[in-house]
Every structure is written in structure tokens, then in C-alpha cells.
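Enquirer: Annotations for this protein, taken from TrEMBL, read as follows:
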TRANSMEM  B:244-265  transmembrane segment
DOMAIN    B:247-370  domain 'ABC3 transporter permease C-terminal'
TRANSMEM  B:286-318  transmembrane segment
TRANSMEM  B:343-364  transmembrane segment
TRANSMEM  B:391-410  transmembrane segment
TRANSMEM  B:416-440  transmembrane segment
TRANSMEM  B:461-481  transmembrane segment
TRANSMEM  B:688-713  transmembrane segment
DOMAIN    B:695-812  domain 'ABC3 transporter permease C-terminal'
TRANSMEM  B:734-764  transmembrane segment
TRANSMEM  B:784-809  transmembrane segment
Amino acid sequence: MMPRVILAMLVLAVTACDNAPPGQSGFAGLGGEAAGFAKVTPGRELVFPQDHGAHPDYRIEWWYVTANLTDQTGKQWGVQWTLFRQALSPQTAEAAADGWASAQVWLGHSAVTHAQGHRHADRLARGGIGQAGVKVEPFEAWIDDWSLRADASGNLDRLAVSAAGEGYRYQLELTSSRPLVQHGEQGFSRKSTGEQASYYYSQPFFEVSGQVEWQGESYKVQGQAWLDREWSSQPLAADQQGWDWFSLHLDSGAKLMLFRLRGDQQHYQSGSWIDPDGVSRSLPTEAIKFEPLDSIKVAGRHVPTRWRLAIPSEQFEITTQALNEQAWMGTAIPYWEGPIQFSGSHTGSGYLEMTGY
Amino acid sequence: MTGQLGWVLRALFSHWRRHPLQGMCLVVGLWLATALWTGVQALNSQARDSYDRAAQLFGGSAQGVLVSPGGQLFEQQLYISLRRQGWPVSPLLEGQVAIALADGERRMGLMGVEPLSLPKQGNLSSSMAASESLVRFLLSPGRTWVATETFIELELSAGDALQLADGRTLPPIEARPGLPPGMLLVDIGIAQNLLDQPGRLSQLLVDHDFAADRPQLPDGVKLVWDARSEDDLQRLTDSFHLNLTALGLLAFVVGLFIVHAAAGLAMEQRRGLMQTLRACGTSLSLLVAALLLELLMLALIGGSLGVLSGFALASLLIGDLAASLRGLYGAQVAGHLSLDAGWWVAGLVMSLGGTLIAGGSSVVKAMRLPVLAWARPQAWRDAQKRSTRRLALLALVLLVSAAGLVVWGSGLPAGFALLAAMLLGSAWLLPLVLQTLLRLGQMLARRPLAQWFWADSQQQLSGLSLALMALLLALAANIGVGSMTEGFRLTFTGWLDQRLAADLYIRPETPAQAIAISAWLDTQPSVLSQLPSWQVQTQVGGWPTEISGVIDHPLYAETWPMLDATPNAWAALAAGKGALISEQLGYRLGLVTGDRLLLQTPSGAWSLEVAGRYADYGNPKGQLLVSAARLNELWPGLEVGSLGVLVESAAIVDLADSLRQHFDLSRSRVIDQSALKAYSRQVFEQTFAATGALNTLTLGVAAVALFTSLLSLADSRLGQLAPLWAMGLRPVQLAWLSLAQMLMLALFTCVLAIPVGLLLAWGLVDVVNVQAFGWRLPWHWFPAQWLTLIALALLAVLLASAAPLWRIVRVGPPTLLRRFAHDA
């Protein structure tokens, strides 16, 4: 789910880093050098709840919620809530909290999608002054009036998420009793055959209920949601121009995360198969087959909104279909993100994100 | 047809070859007229462009903003609180800093913005879009953005770091086109540090669409809706620019007199030629086309030269103009001239239009030209005699309208219309008045030569009347404007002496420092008294106004210069029941002493009696003096804006020095009375520098007009003088007689110019000034100034007559004989 990072940078091209060469590398500059920032290395144990908070010594970071919902008439909805953090220069935690001198920039994206419509909005804020940020205890991530916050218990098991944009507004309750899932090697998630990597964990088991308001009409919704947490300093290799990322809720109760980073010569692929009890196993590059089927034209670009995905070792082969093919996020750095449904060896719903098209 | 047009043009142009001076006069007239007009327009459009940029910075003129009720700074937490409730607001902090430059300090506006949240509608927001420069701006050490013009004016180079007067350094400079000039733009955090206001803001900008219906603020957010004040600037400076425009138009009209004179003469002298051309088969339309083409070419030459010179003139004056706008209104205007193509085109079009107006009558005459009639060189003089009467009639109509405007007119445009009608009416009446005077002289003359002298003067009058009108206009304008500026200077200086009664003026940097300074001053034996004051910037009756709270101290009653007041004005003020208002506020609101005034305060309405009015020259805003104690009750949380100190006179300099040292204050924050006076006078002088220069140039144009007319006449003079020579007068005698005639006509005109000039001065002081600035000046007479002007005018006439007279002396008897024989 790293891709999201990008967006942040987009707004503030990565060349902000004093030592970085001008010009962009990778999608939105995410492949640029990360001199002065902390490095993502294997073997670092994730510590909670501290790691739910921000890591200003790393360049980029995000808190990402996607939800597949159904209203009382059976109509399907997709909801996205994202908060990105980007450090314009390496900084200690104290400096990052020091008012306007903070080099942290926060970016929020939210969207609501159904079969006939897709609306999105973004928010941008400086760090250090309280307009946007993340608190660990009790957990709260916010930018302006958008927030993702824990209830009185203070941990990530029960969250409330809300955002609003032109013509929409939502307020959802998220609950889960299952553990967090750490991707890759105990949360160390490789992004290339080189040094590119991120720390990456998820809570894919949220049950959701709440309200979505669309054009002034209110809809009671329920369904499933997926929370991603990821941070890094250099998540992309210089030749990686974009990615395709899937988060899937299987009707069997299992969850599946798959991504593919598209390089000039070869693509880097990875994923996690998560059993209904929360036990997960990493999927290596060669275990996964991505096959884009039909492309459609959206915002002047050709984007593959139908895919065939296969993991032969798991007897898994599905075809995915977008709920709304026009789920384009026309933000400063644009990308496609929207709810999907799938069928084949398994059925279910999920979210797809595609960048760099 | 084209070939024929070429021949006709060639024939017409041969005239200019034989009379190069006449041609030159025509071009010079156009040149000067265009130069002065375009120069003034350049100054105005430069200033307007600067205001527009300021207005468009955050999008639109009526940009909705949130401010604290009393206009003070407020806590940044309010910004966060509104953002967290979904309000699309962006923080802003504005202040002034003293920049240390090689040639001293300069005060500049410092504006701190937060680029990520700026409303999308403004120019600034779009120029912030480039991400690399945005990151440089945000990230330590940040950048200082200035307008390209200011960058050039201050002779900066990219990456330079300006220093404040107190030694602190601004972020490296970056020039940005399209920013308002004279302003330093930095990140909000940097601005808070440089202005010593950590965590505080002066305004919140609000997204345009969101602000459109001024939604109600959430509970607990003690801010109020307001609009950005750039509109005020435009309003406040409007009258200043209207004054400049009027002056430019006057110079243009005076210049066109020259063109008209030269074109009319050329027409008369070519009458024979044109008849010949018509007789040879040139059609009337071809002849008219050729004449128009000729005018067009002359207009292009004169206009181009004029536009170029106008640019040069404006470049010379823009520095003074920018300084006076800054001093008077706090308006920032780029001191480095940059104009768009539209200005050049407009200048040329104006020149073409002017030429057509001034030269068009000649073309019309050509159209009525009878093909076969014998050339009658004197015909136009006869016609002009008839036209003298027509002109006088028109003049009377104008003067009557002027009188009507005095009675019924109101507003600044009416004031200028009054002046224009008065000036033009007087000018058009001039030929008739001069003719009457000359006829009177003729009736009194007994000797033949004297009778010839008066009669011949009348004959010449028709040729000179236009030039004399130009002289009258220029002289009257000089007398009028001179009386106003001198009167203002006198009044202003006296007023300043009274008004600045404290010995030292201190502007503390922070509220805490104000308290510390005050406590420290209490311990100084040389300090006699402290006079703190509190200021609130607000609007009263829609006019930008400063409310100033002063303490109860006898010094005010002793020194404050009042225009009128109730007997217990100061006691009423001290009791919080009375207010003193500035003269201009009184005019704007129609308030006089004794009226009641209702002020809106954060704690409710405050009803006050107008206990008196005082002069507040040079301040475009209104001012209101109230009791400090009551002001602080109604506007809680105000800070001491300035501190006046009365000191034993021997200790002033020492005390100022130790204050600066003790509190590490910059020079501009502790000012003694004499330095403040010097600064105010300097602003005053700058204000009238541009006016004075334009005025002098107008007089120069009139001198050229006179010179032109005399030159044109000199040729035909020979024919008129030849008979006298034939009767036995020597050429030198003839020259003296001619000179005496000229000086007499000029002297009459000068003497007539004095009452016209005084009328103009009255119009400026009592009508235009009151409408434009809101103050009336006491009347002053300056006879020495008039005499100087008259002497200058006569000297100009003398110089202008010299060359033609020299020709009269130089021509030998054969020429005179030939002319005599030929004309006879």
C-alpha cells in the first residue's frame, strides 16, 4: 500500500531534500535519495502503541482506511480516508513539533464511491502547529475536521473515522477483535530487489457501521474496512514508475494483500495471505500472477480496471471488476483508487489502487 | 491615384522645407503635450497596477477576512480551532520592519503567509504552485519574496539577505513578478519571529466562495468578518491621482494650443498653393486626404517622441511619487517603472486625437476653399476678429456654468469641472479683454506713431491670442498651485510645531516592553511626564479611522491645535463623554462640534459628543481622540501603541540613547521631536515635488507656444513694418517698437493672470482640497511669488522675441523695399 505515499510528495516534489538531485525519480519522486533520513532495515521490532504514531525521522508515512460498504437497499459503496505525512527535511521529533519551524507536511485524501458516482477531496496542512497530526494515546490521526480516532479504550480496536468533501460526508465506526497483521518479515516489507523497503502493518478485519451522506441524502451503511500503516524513507527504486495494489476481503473470511511495483526491466511483486484467524504468510514475487485485462480511458489516460489475479500455490484465481471505473482521484498527483468485486475461485470485495498510468 | 497623392504630398511638404521652424514648432507642441500627458498617465497607471496587485494578492477586492473585533493581533489557536471545525481559513500576519539599506533605513511592510492553506483564488496562491520554490519558501531558512520592481529598485541580487535595522537577518531574497511592490513576503513563522509576535496572527483569509455569505462564527471564536483593506487604499489615493490627471490634462491642452497655432498658420500660408493644386485638377477629396495624411505623419512623429519623453519624465518622477504615496497613504508603489504595451498605444492614440482636434479646423478650412478666389493672406485675421467675439460669448457661458457649479456642484469631479470651466472661460475671454484694452490705448494716443503702435498691436493680437491664452493658463495654474502649496507649507509647518509637543516618541516592540519602558522612565530624573496612547484601527461611517486613546494631561489642552471646540472639550474627553475629531473625519461624516457620534465597540455602542475638531493635515484616514481609560474598558486587551515623553531639554539626546541601549531598540522606535518633524516635512516636500515639476514644465510649454507664434508672425511682420521704414524709421527703432508691443501684451496677460490664478487657488484650497483630502487651508497671499512668476514670464517673452526682432534689425533696406513694393 505504499503507493499512497506518493501523493504527499506530489504536492511537494521530493527535491526538497537538499542533497537530492533535481528532477524526479520514480512515481512522484518516491524513488529519490533519502539522505539524512532514517533507513528502513530488517529486524526492527514494531512496538505498539508507539508505532501507531508518527515517525518524523522517516521521510514519508501514512494512515490509510478503505471500506467496502452496503446500504439498506443493498447498494454498494466505497469509502477512502487517508492521512499522509511527509518530512521536507530530516528532523528530530522535537523539531518536528516546534510550531512553524516543523518541516512536516500533512496531506489528507478522502473519497466516496458508488456505481454511478465518485467524489473526492484533499486537505493540506503544516505540521507542528496542531492543524494536523497523530497522537498515540489515545490514538487520533487528524487533518482539519477529518479524523480517525480511537474510542475511550485508546487502541486501534475501535475507531471512528469521518471526513467531508463537496457533496459528501461520512462517519463510520470500525471495530475488530483480531490482531494486527505485519507484512513481509515482521513488518519489514521489501519494495525492490535492492534496498527499497518500508515498515508495513495492517488491520484488515474491521467491521463497519455508520452513515454516508451523498448530495444531502443520508444512507445507513455497514461492511468491512481495512487499515494500512506504512512508513519509509525511500520506498521506490529509481526505475519504478508506479504500482498496482489490491486489498481483498474474501467471502471465506480470509484477507489478501497484493502489490506489484512496475519497473523498467522487471516488476517487483509481493503480498500477504491472511487466514481468518489473523495468521499470515508472505507471498514471494514468483508466487503471484498479475494480468491486466481491459483498459478504460479515464481522465485522458488508459487505466486497467479489470484484472486477473492468480496464486497457483493457494489454488486462487479470480477476475476483478471495478464498482465504478471512473474512480479517479484528480488530486495534485492523480491516481485511480476505488472499490472492486471479484469472482472465480474465490468471491468477495476489496479495493484497488493504481498509480503511474 | 497613389502617384497623384505623392505629388500633392510633395507639394504640401515643400512648405515645411521652406519653413522648418514652423514645422518644428508643430512637432514640438505635440511632443510636449504628449510627453506631459503620457508621463502623468504612466505615473498613475504604475500606481494603479501596484494597488491592483495588492488587491489581487489573495483574490478579489472584497476578500472576506476574519479579524479580532478591535483590530489587534490574536492567538494562532483560533486558526487551528477554525480549521478543525472545517473552516477554509489561512493565517496572515502583517507588520512593518525597518530595513537597513546602504543609504539608511527604509520601512517596509512585512507579510507572513501560510502557503499551503492560502485561498485558491488569489494571485499569490497560483504563484505558490511551483513546488520547488514553495519548498524553498517553507523550509528553513526560508525565502523573502519581493516584487521584481522592488528587487531592482533596492539593487539586490538573488540570494542576498536583507538586514533589519536591529541587526537581524531576513531569509535570502527571491524576486517574484506580480507581487505588490515594497512588500516583503515570508513564511508566517518567520514573520512571527521578525515581528516579535510568536504564535499571533493579524488576520485569517477565508476561501472566497465560503466567505461569500459570511457564515456565523462558531461559539468561542471571538473574531469578526471584515474585508481586506486594499479597497481603502484605492479610495484614499483616488483624489491624489485625480489631481495628477487634471494637471496632466492642463499641460496637454496648453500643448495643443501650440499645435493649433502652427497648423492654422501653415494652412493660411499654403492657401495659394492649395488653390493652385485644385486648379491643376487635384480633387477635393485627394487634397483633404493628403492634408489628413500629413497631420497623421506629424502626429506620429510628435506622438512617438512624446511617448518616449513621457516615459523618461515618469522615470524621473516615479521615485518622488512613490515616496510621497508611501509617506502619505502607506501605499506601496513600485519605484521602478514598468509599463505594458497598452500604455504606449494609449499615448499615441491620445496624441493622434489631439492633433486631429488641434489641426482639424485647418482641414475643414481647406474643404471650404473656393477654387478660384484670389489668395487673401489677411482673410484669416478678419475671421479671427469675428471669432474673438464668438469666443468671448462661449467664455461667458463657461464662466456662468462655473458660477453655477460653485453654487450647486458637489464632489471632486464637480470641483475639477469648476476649475476647468473657470480656466478655459478666462482664457477665451482674454482676446476680447486685450482688444478692449488696446482700443482704449488707441483712443488715448495722440501722436501718429503712438496710434500706429496701438492699432498695430490689435492687428497682431489675432495672431498671438492663442499663445497668450496658453501663457495665461500656465501662469494662472502656476499662481494657483503655487499659492496652494505655499499656503499648505506654511500652515503645515506651524501645525506640526504645535502638534508634536512631546520631546521623545517611543514605539515599543511588545506590550511587555511597553510596561518595562514605562517603569524604567519613571526612574529617570530627567523625565517630566509620560504620555502613553492606545490606538484602534477601525471604520467609522464606512471611512477608515484610527481611534486614539489619550490620558488626561494638561499638555494636550495647551498645545493641541484645535479648529473649534466646546468650552470644556478636554474635560468632556477625560470623562469619556466627549471625542475630538479630525477635520477630515468631520467632513466625511458631516459632523460639527456639538453633534453626537455613535461608536461600535466590542463591548457595545459608545455614544460620544463631538467636543471639538482639530486639523490633521496629511492624514488620509479619519482620526478620533477619546479618553484612554474608557477606550481600554471598551476594547479590552489593547496595547500601548506609542509613548510620548516630556524630558528636560538638555537630557533629550542622552535619554534617547540610553533608551535604545537599555531596551535594544532600533533607531526608528525612539524618535525625538526634531527628527519626526524633519521626516514629516520630507514627506510633504516629496508630495509636491512631482506637482511642482509638472507645473514648471507647463510654464515651459507656454513659453514655447509664445515663441512659436512670434516666429510665425515675424515673417509677415516685415510686410507690415516696411511702410514705416519707408516713412523714415530705422530698423533698430522698429525692433524696439515691436519689442515694446510684445512686452505690453505679455504684461497685460500676466496682470490678468493674477486674478485668474487667485480664483484657481481658491478653487483648489476651498473646493478641491476639501473634497479630495477633507481639509480647508487658511488663506495666504504670496505677492512675491506672483512678481517672480511675472518676471519669469516676461523674460521668456523677451527671449522668444529676440530671434524674430533680430531678423528685423538684420534685414537690409533691400528686403524691406522688396516687401513694401510686393505687398503694395
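Glycine too: its Cβ is placed from the backbone N, Cα and C atoms.
Tell me what's around each of these sites.
Expert: For the transmembrane segment (B:391-410), the list of distant contacts is 417-418, 421-422, 424-429, 431-432, 767, 771: same-chain residues at least six beyond its ends, Cβ to Cβ under 8 Å.
Counting same-chain residues at least six beyond the ends of the transmembrane segment (B:416-440), those with a Cβ under 8 angstroms from any Cβ of the stretch are 242, 246, 250, 388-389, 391-392, 394-399, 401-402, 405-406, 409, 454, 457-458, 461-462, 465, 468-469, 472-473, 476-477, 745, 748-749, 752, 756, 759-760, 763-764, 767-768.
With DSSP states grouped into helix (H, G, I), strand (E, B) and coil, the domain 'ABC3 transporter permease C-terminal' (B:695-812) comes out at 102 helix, 0 strand, 16 coil.
Long-range contacts of the transmembrane segment (B:734-764) within the same chain, counting only residues at least 6 positions beyond its ends with a Cβ under 8 Å from a Cβ of the stretch, are 415, 418-419, 422-423, 426, 430, 433-434, 437, 449, 453, 456-457, 460-461, 464, 468, 471-472, 475-481, 483-484, 487, 706, 710, 717, 721, 724-725, 786, 789-790, 793-794, 797-798, 801, 804-806, 808-809.
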Enquirer: What residues in the same chain, six or more past the boundaries of the transmembrane segment (B:784-809), come closer than 8 Å to it by Cβ-Cβ distance?
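Expert: The answer is 471, 475, 478-479, 482-483, 486, 699, 702-703, 706-707, 710-711, 713-714, 717-718, 721, 731-732, 734-735, 738-739, 742-743, 746-747, 749-751, 753-754, 757.
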Enquirer: Can you tell me how the residues of the domain 'ABC3 transporter permease C-terminal' (B:247-370) break down into helix, strand and coil by DSSP?
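Expert: For that range the per-state counts are 105 helix, 0 strand, 19 coil.
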Enquirer: Please report, as numbers and ranges, the same-chain residues at least 6 past the borders of the transmembrane segment (B:343-364) whose CB is under 8 Å from any CB of it.
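Expert: Sequence-remote neighbours of the transmembrane segment (B:343-364) are 29-30, 33-34, 37-38, 41-42, 45, 252, 255-257, 259-260, 263-264, 266-267, 288, 291-292, 295-296, 298-300, 302-304, 306-307, 310.
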Enquirer: Can you tell me which parts of the same chain pack against the transmembrane segment (B:286-318), counting only residues 6+ beyond its ends and a CB-CB cutoff under 8 A?
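Expert: For the transmembrane segment (B:286-318), the far contacts come to 1, 4-5, 8-9, 12-13, 23, 26-43, 46, 259, 263, 274, 277-278, 333-337, 339, 344, 347-348, 350-352, 354-356, 359, 362-363, 366-367, 689-690, 693-694, 697.
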Enquirer: What average pLDDT is reported by the model for the domain 'ABC3 transporter permease C-terminal' (B:247-370)?
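Expert: Taking every residue in the domain 'ABC3 transporter permease C-terminal' (B:247-370) and averaging pLDDT yields 80.
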